[in-house]
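Okay, structure first, notes after.
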Amino acid sequence: MVKPRSSVWMYFEECIDSNKKTTCVQCKFCKEKYSKNSTRMKIHIGNCMKAPTSIRSKMTASSRTSSPSTSTSTTSCSRHESNVEKNTVRTLSAVTPVKKSNYISNKQRSMVESFVDVMKVEEHQQLTALFAKAVFTSNTPLSITENRNWKLFFKRLRPSFTLPGRYLLSHRLLDEEFERVQIHVEETLNISENLALQCDGWSNLRNESVINVIITTPRPLFVKSVLSGTASHTATYLEGIMLELIEKYGSHKFSAIVTDNAANMRKAARNIQEKYPHIVSYGCMAHTLHLMCSDILRVESVEQIIVSVKNIVKTIMSSQILRAKLEEIKKDMKLTTSLSMPVKTRWGSHVKSMEDLVKCKFALQRLSITEDTQKVVHTIKPVILSEDFWVSVEGVINLLKPITQSITLLEGDSPSIHLVCKSFNAINLEFDSNLQLLKLQETERNNILQKFSERQQYAMQPVHMAADLLNPHSVGSYLSSEQKMRAMKFINGLAKDMMLPTAIAELGHYMGKLHFFAENFLWEVLPTVDAITWWKGYCGDLSLSKLAVRILTMPCTSAATERSFSTQSLIHTNRRNRLTSKRAIKLNYIQHNSKLFSSQEPTTVQDDRNFQHQQSNINNPEAPPTSSSKEKYSRKSFSTNQVCSESSDSDSNISWTSDIEGNGNSDDDFSYNDTPSDAEEEHIDETPQTKGQKRKRDTTCLLSASHIAGSDSKDDSLEVLNCSIHNADESVYDPDPQESLLESDLQSISCKSFYKETIPITRRK
């Protein structure tokens with residue numbers, strides 16, 4: 001049997017000579033060349049500074065387990081630890097004469113370990129990466145680690161963890177997280193069989209032109225963002241951007257290109273379709289429906305109604321008296337609806353604004369007849385009290401609402417191309433009747449009908465009809481005879497491109513419910529499954545299934561690209577204008593794609609010492625833990641350094657010193673002394689205690705920190721510990737109070753870790 005290839009090869013490129021033989025390999029991160037040897041390749045990746053931290057840790061662990069010298073080094077290390085332990089015991093005996101029975105038991109040692117915070121380098125790197133990811137995906141400013149209160153919080157939460165600085169977050173950690181997400185995106189695109197491309201342009205905060213490209217799998221993945229600079233957005237330029245990605249991931253995988261209705265985008269998509277006939281290009285359905293709404297709103301009669309609506313909202317919202325009085329009336333009428341202004345670029349915002357106004361109709365009418373508001377409300381009072389105005393507003397709502405509902409239905413991330421014909425059918429059923437009820441001139445009514453017909457003809461392409469025909473829930477029930485014929489012709493042409501000769505015959509069986517499709521079970525399960533699952537799961541052996549899945553996974557809108565611009569606008573704001581455009585693009589890339597992958601990542605993290613993490617309920621002990629059906633957090637009890645000790649005195653303010661290698665910034669690498677400063681104590685919450693509640697204790701701990709810093713397991717983390725505790729009130733574990741080790745005392749142990757010598761640690765009085 002051939003030995004499986006090591007996973008390290010995925011991070012190297014093979015250098016092939018003229019004889020098509022591999023002469024050497026080249027690292028994808030630093031471009032260094034090495035001979036073909038998986039062991040050396042693993043060692044290189046483990047030491048490569050340009051490789052992401054997670055990959056370096058993975059290769060380092062892999063090389064350690066496969067190293068033949070592991071047993072030898074372990075033996076020598078054990079001998080060294082044994083010698084160090086003997087020397088430490090002699091030192092302890094010389095400093096503090098104790099009985100033989102004073103040696104700490106295994107039970108006591110494990111208890112001490114649970115209260116001593118020690119962190120390995122690998123764990124520190126993992127926590128740093130997790131912290132950086134949390135900052136990048138939550139729109140948190142990169143300067144969060146410069147805030148003193150955050151530093152104090154993390155110092156108390158995990159004393160041995162060193163917060164990364166702003167420079168480290170914005171450079172190395174950002175690049176590593178970007179590369180990690182990029183690898184995940186590349187792997188997802190490589191294994192996907194059906195891809196579709198979306199492309200759109202935008203201007204950022206600095207008025208720089210940005211072009212974002214989304215590829216659906218069918219989940220929309222943010223693949224590329226281009227700063228066009230001085231280049232004009234011609235059809236040739238846009239075609240080059242899209243062709244580069246299509247050829248990179250395989251033109252045979254791509255089935256569709258979705259763009260907005262701009263002429264340059266449409267021409268670029270047509271040029272690509274001429275080169276690759278199997279790729280279908282069509283316009284964004286959400287843009288088309290939004291333009292339908294715009295056509296209606298541009299009609300003079302409707303425009304006057306919208307102007308009156310805006311005037312009412314502006315007048316009330318700009319007056320403190322009217323606004324306060326309206327709130328009183330709404331409270332008296334138990335109304336919770338607030339007035340809102342329509343936004344030009346927000347699809348459906350005009351409908352929401354008018355609906356909010358109608359809900360507040362009676363409150364507004366009461367406001368208009370109130371005596372103490374007459375001086376301010378007189379300009380809008382006639383309109384509010386006019387019943388014809390409210391009838392007209394409701395007529396516009398009824399005309400626009402089916403369109404805005406279709407926009408909401410189709411603009412999601414889930415595939416919805418099979419719902420396009422159904423949506424237009426629902427709009428057509430109510431459009432004519434609602435248009436007749438609206439008081440418009442005959443020319444205005446005819447103009448709206450003509451525009452609506454043109455938009456629908458442009459939007460409804462054969463691919464949308466084929467999707468409705470292949471939707472087992474409808475089987476073309478929303479299509480006319482002519483549209484069904486266009487759909488079947490499209491399916492026949494696509495079957496030839498995909499080399500599926502039996503697909504067209506299976507289409508006839510599917511439409512007539514014959515042969516395989518005559519089984520009643522297939523149609524009985526439809527209410528419980530979606531169309532894609534039905535084809536892949538129940539009809540996966542048929543050639544028509546591959547074709548149906550290819551069509552049904554196509555996106556019908558480019559709304560995912562619009563959402564990527566919205567995300568970037570929330571990142572690159574006026575308050576964060578110091579962010580460079582490239583850095584903002586990386587943050588957008590991480591945030592957009594991490595949302596899609598978050599459901600697949602584990603939600604619990606355990607370190608090498610098997611610390612069991614649990615959300616603290618100190619301030620609210622009776623609050624029930626929250627959980628969701630998709631993400632279940634493992635919450636287990638644990639013991640760590642207690643920040644607010646209820647049974648300790650003012651000496652419980654323990655400080656730590658960590659020599660873990662930081663990021664090189666003095667502002668971010670902590671070094672706290674044993675005695676907290678006055679400024680620190682001002683920010684530390686202490687539980688006040690009377691003298692009677694304080695217990696007299698004198699604890700002396702001698703600790704070998706070299707074992708803590710270099711230990712590979714928790715059994716070796718604390719080799720020697722001698723505690724002599726004098727407690728006047730109680731004793732536990734041992735009959736002799738002089739030899740007892742109290743849990744409350746263990747909470748107050750302080751140590752300076754990572755010193756390569758034995759350090760005496762004495763509790764302050």
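Heads up, the Cβ atoms here are built off N, Cα and C, so glycines get one too.
According to TrEMBL, the protein carries these features:
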DOMAIN    6-45  domain 'BED-type'
REGION    55-86  region 'Disordered'
COMPBIAS  56-77  compositional bias 'Low complexity'
DOMAIN    166-312  domain 'DUF659'
DOMAIN    517-593  domain 'HAT C-terminal dimerisation'
REGION    614-698  region 'Disordered'
COMPBIAS  645-659  compositional bias 'Low complexity'
COMPBIAS  666-684  compositional bias 'Acidic residues'
For the domain 'BED-type' (6-45), mean pLDDT (0 to 100): 82
Secondary structure content, the domain 'BED-type' (6-45) (per DSSP, counts of residues): 13 helix, 13 strand, 14 coil
Secondary structure content of the domain 'HAT C-terminal dimerisation' (517-593), with strand meaning DSSP E or B: 57 helix, 0 strand, 20 coil
